[in-house]
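The signal peptide annotation in Swiss-Prot covers 1-20. Swiss-Prot lists 197-391 with the feature domain 'Peptidase M12B', giving sequence analysis as the kind of evidence. Feature annotation from Swiss-Prot assigns N-linked glycosylation site to N279. For C308-C386, C348-C370, C350-C353, C413-C428, C415-C423, C422-C445, C436-C442, C441-C466, C454-C473, the entry in Swiss-Prot reads disulfide bond. Under the heading Zn(2+) binding site, Swiss-Prot lists H333, H337, H343, citing sequence analysis as support. Feature annotation from Swiss-Prot assigns active site to E334. According to Swiss-Prot, the feature domain 'Disintegrin' maps to 399-480, an assignment based on sequence analysis.
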Amino acid sequence: MIQVLLITICLAVFPYQGSSIILESGNLNDYEVVYPEKVTALPKGAVQQKYEDAMQYEFKVNGEPVVLHLEKNKGLFSEDYSEIHYSPDGREITAYPSVEDHCYYHGRIENDADSTASISACDGLKGHFKLQGEMYLIEPLELSDSEAHAVFKYENVEKEDEPPKMCGVTQNWESYESTKKASQLNVTPEQQRFPQRYIKLGIFVDHGMYTKYSGNSERITKRVHQMINNINMMCRALNIVTTLSVLEIWSEKDLITVQASAPTTLTLFGAWRETVLLNRTSHDHAQLLTATIFNGNVIGRAPVGGMCDPKRSVAIVRDHNAIVFVVAVTMTHEMGHNLGMHHDEDKCNCNTCIMSKVLSRQPSKYFSECSKDYYQTFLTNHNPQCILNAPLRTDTVSTPVSGNELLEAGEDCDCGSPANPCCDAATCKLIPGAQCGEGLCCDQCSFIEEGTVCRIARGDDLDDYCNGRSAGCPRNPFHA
């Protein structure tokens, strides 16, 4: 049973006496200081997790009480999630961290139907929430008082005086010839109910971004996790589940030549994915995060309609803003191009939606109707195969009940009847020495050797192979 952590916030709001403060998100002129105080109410005998599945916060904004409901984002990581960095001698070092008890949440404000929230609870509360049509950010204050947080509107963050930042995709650039203009579409309400799709993301951080954050891999990792948490939330409107499959940090040197020319860098990254990356990681769409300043104020670029293509299912994004959400909007924008979307035009009646060509001063987390039409057409015309595969059963989390043939929260294996020799029936944990309990790539409690066929192809499709690192049968990245 999912436990609910009730947190009452004793809020003290102090008007700031001064010109501004500097936070990780930027310089602020107007903000509120809040002091959260946790009061936990768990049922008798319940075991408290480090990060609860559900949380509730009560506090005030502009003197008015609000109740923030949060639920852990269960779909954030793929079952075979890996983190990769490099040793000084260039060796690839891969880790498979346990991410079940992570600290990333989605939520809403009570009695506000249009509200949303994306919050990290890793080190205090950090993220954003939408309240009465306005976006607020919250983050810890780096003061001696560790409980102090700042709450502020996005519009109150001082903006740099620089030309508008924009996407580098030109209309019809590298698009499939059969992608139609939104004005030509006749999409019925039935079609608008998008079929469920699943995108496994690979994020690759270049050496420039690694240097930008002083070689602090932990800080970069948390930042990327927050980005994916935001992307996951934005893509729900399209009935797309986005999970992070691999995070690779180029800690020693760049593995491609990252140039100021966005088109050149994108071409090089796509070629590298096709020839190198797909041979060693399982993912559907790869993005390069870079600190490089591209020519022409460009902050991102991606092939239109490239999803599932070995060379074109890619995007490049500049880490252009201290606020995670703003960069996440750009990442979602570029992935939108891969899903067949063009930029919003005047007829779309939305100059601040995700697919706007120029980054808005008030970034939106919504897709326009034009974008939805483009996406529907892309699915109809091309039916990209790599995003059809549903998450493995370990992505399904519910109340732990032994023997229901699902891996539940806290279970390593299903310990129902008949008895699983790899599974301790008392704890639903793997027995000592066991790597797995079941799955197409599990045999006698061990992962099956890499390269073994685990799913035979149908028709003109391709066989799927075990990777030697997980019990699931990963989707062949070269599927059409």
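Any Cβ shown, glycine's included, is placed from N, Cα and C.
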C423, C436, C466: which of these disulfide-bonded residues has the sparsest Cβ neighbourhood within 10 Å?
C436
Alpha-carbon spacing, H343 (Zn(2+) binding site) to C436 (disulfide bond), which is rounded to whole Å:
46
Express the distance between the Cα positions of H337 (Zn(2+) binding site) and C441 (disulfide bond) as a whole number of Å.
34
C442 (disulfide bond): secondary structure state under DSSP, collapsed to three categories:
strand
Please give me the CB contact count at 10 A for C442 (disulfide bond), counting all chains in the structure.
22
From N279, H333, C454, C473: recorded positions whose CA lies within 10 A of C441 (disulfide bond):
C454, C473
Work out how many Å separate C422 (disulfide bond) and C466 (disulfide bond) at their Cα atoms, rounded off.
19
Inter-residue C-alpha distance, C308 (disulfide bond) and C353 (disulfide bond) (nearest angstrom):
25
Could you measure between C466 (disulfide bond) and C473 (disulfide bond) for me? Cα positions, answer in whole angstrom.
6
How big is the Cα-to-Cα gap, in Å, between C473 (disulfide bond) and C442 (disulfide bond)?
9
Could you state the CA-to-CA distance between C370 (disulfide bond) and C436 (disulfide bond) to the nearest Å?
45
If H, G and I count as helix, E and B as strand, and all else as coil, what does DSSP give for C422 (disulfide bond)?
coil
Separation of alpha carbons, C353 (disulfide bond) and C436 (disulfide bond) (Å):
44
DSSP state at C386 (disulfide bond), helix/strand/coil:
helix
I need the nearest neighbour of C350 (disulfide bond) among the recorded positions E334, C428, C445, using C-alpha distances.
E334
